[in-house]
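Novice: One structure follows; several queries about it will come next.
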Amino acid sequence: MYFVADVKEKECAQYNCKQCVLFCPEPNCLNFKASTNSAWVWYDRCKGCEICVYVCSDLLKRHCIEMVMVTPKATAKS
């Protein structure tokens, strides 16, 4: 089990700032969806560094991203 970022879509859509996307060090992990005006996380790419949480919660005081625990997918043996 490990932690990944999870965006609260409705709260994020209120701000439309995209700062978390700019600060995420992992390419194509944290993206912005124009149709909902909010960020979204590609869980398989998230390394759990929490930089996005720091930017959103501590710097901007918006609290739209939190870390959630996930379990890795079971790999099938061939």
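Just so you know, glycine gets a Cβ as well, placed from its N, Cα and C.
Residues or ranges marked as [4Fe-4S] cluster 1 binding site in Swiss-Prot: C12, C17, C20, C56. Swiss-Prot lists C24, C46, C49, C52 with the feature [4Fe-4S] cluster 2 binding site. The domain '4Fe-4S ferredoxin-type 1' annotation in Swiss-Prot covers 3-35. Swiss-Prot lists 37-66 with the feature domain '4Fe-4S ferredoxin-type 2', giving sequence analysis as the kind of evidence.
Please situate the listed features within the shown structure.
Specialist: Residue environment of C17 ([4Fe-4S] cluster 1 binding site) contains 17 other Cβ atoms, counted within 10 Å of its Cβ in all protein chains.
In three-state terms derived from DSSP, C24 ([4Fe-4S] cluster 2 binding site) belongs to neither a helical nor a strand segment and is classed as coil.
Residues of the same chain lying 6 or more positions beyond the ends of the domain '4Fe-4S ferredoxin-type 1' (3-35) and with a Cβ under 8 Å from any Cβ of it are 41-43, 45-53, 55-56, 59-60, 62-70.
Sequence-distant contacts of the domain '4Fe-4S ferredoxin-type 2' (37-66) (same chain, six or more residues past either end, CB-CB distance under 8 Å): 2-13, 15-21, 23-31.
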Novice: Write out the long-range same-chain contacts of C56 ([4Fe-4S] cluster 1 binding site), meaning residues 6 or more apart in sequence whose Cβ is under 8 Å from its Cβ.
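Specialist: Residues satisfying the criterion: Q19, C20, R62, H63, C64, I65.
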Novice: Determine the mean pLDDT over the domain '4Fe-4S ferredoxin-type 2' (37-66), rounding to the nearest whole number.
Specialist: 96
Novice: Other than its own, how many Cβ atoms are within 10 Å of the Cβ belonging to C20 ([4Fe-4S] cluster 1 binding site)?
Specialist: 25
